[in-house]
Amino acid sequence: MQLFPVCHCTIILVLFGFFLISSSIVHGKKVKGQCSTCKDISKNFYKALESTAKSNYGGGNTGWEEKSLGSYATSEVRLVEVIEKLCDDSSKECHSLLEEHEEVVERFWFKEFAQKKDTDFYAYVCIDHLMLCCPNNTFGKDCAPCPGGVDRPCNGNGGCDGAGTRVGTGKCRCNSGYQGDLCLECKDGFYEESSNETHTICKVCHISCKNICSEGGPKGCDECKDGWLDNEELGCQDIDECATEPCEENQYCSNTQGSYTCFSCDVACESCTGPGSKKCKECHSGFTLTEDSSECIDDNECDTDTSLCNGENEICKNTPGSYECACQTGFVRRDDACVPSPKDADAGETDSEEEKDVGDVNDVDADKDDEHEENETFSESNVKEEL
């Protein structure tokens, strides 16, 4: 009967621990993000100083304004202009952070900048007062030094987690080829070129080494990769796989370090030893081998066989290794015959209709002329009768 309360308490403790871990992660991301935002504000502060360096009060009488209102360079008017430039319009995080801590920026302006003190904006605002960031190569809530010290963190072979922020574990994140708590050891695939208590230089093994090596070059390999053969004097040497002709008949082989690649022969070749129509062993159908250049050139079937493509409105077109029967310009193929294209046919019909319309108009005009002549004749006859 006592097991159930114990199990119930255990579940509560596990959930509570999970909650604490989740909260810590969320808090860490938030602080790290705020540090990044503060860095951006710092960069924009110095850009704003540069862009307003030649400005003034803008009233038109700079001398009187400087005498009466004080120097524009350290004035509140310039501060307002600078603050307006600290955030990009779309950065909600920046505007929120600046609105919450604007008094810190004002304090820096009047107590540090205006007093000609050589105080860095980033150190004053982001590190010392808002405590969102840390100096370079320090980390965590108290800005502790990274392993190896702030001058050469991780012995110069990496960086520590959370460096420059108020979060992170401080553990070394080693550069490629290095490992260990202080990044003083070489990873597999690398060898130690030189080393002492504070410095280690790791170099990558030769491409022929399978995994581990003791020195540079093919002789330093403990074991050769596939595609390489161990030689007592020279170390790992590349195997020329192309010597065994591993590619298909219509392909040629190109040896690479530790392997090979098969490429398709030129369209003129039935088989080949390399790229292009001059590397053919045998010509493909539709091509002929020339005696002078040993090159497979295309046969022009349209010139050598006049019986090809003799249909009405049909022409012969040569293609690489073959030919095709095509229709003359203005014709299209339909039911294995070349007929006028729809556009040309429509144009012909339009011309006929236009000619017909013109004829009809001429006929109408002719009828009118005949009618006019009849009227004139009728009028003349009437006049004679009256006389």
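Just so it is clear, glycine is given a Cβ too, placed from its N, Cα and C backbone atoms.
Heads up, TrEMBL stuff is auto-annotated, nobody curated it.
The signal peptide annotation in TrEMBL covers 1-28. Marked as domain 'EGF-like' by TrEMBL: 142-184, 298-339. Per TrEMBL, the feature disulfide bond maps to CYS174-CYS183. Marked as region 'Disordered' by TrEMBL: 338-387. What TrEMBL records for 347-377 is compositional bias 'Acidic residues'.
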Cβ-Cβ distance under 8 Å, sequence separation of 6 or more, same chain as CYS183 (disulfide bond); the residues meeting this, in order, are CYS154, ASN155, ASN157, GLY158, CYS172, CYS174, ASN175, THR200
The domain 'EGF-like' (298-339) resolves under DSSP into 4 helix, 20 strand, 18 coil
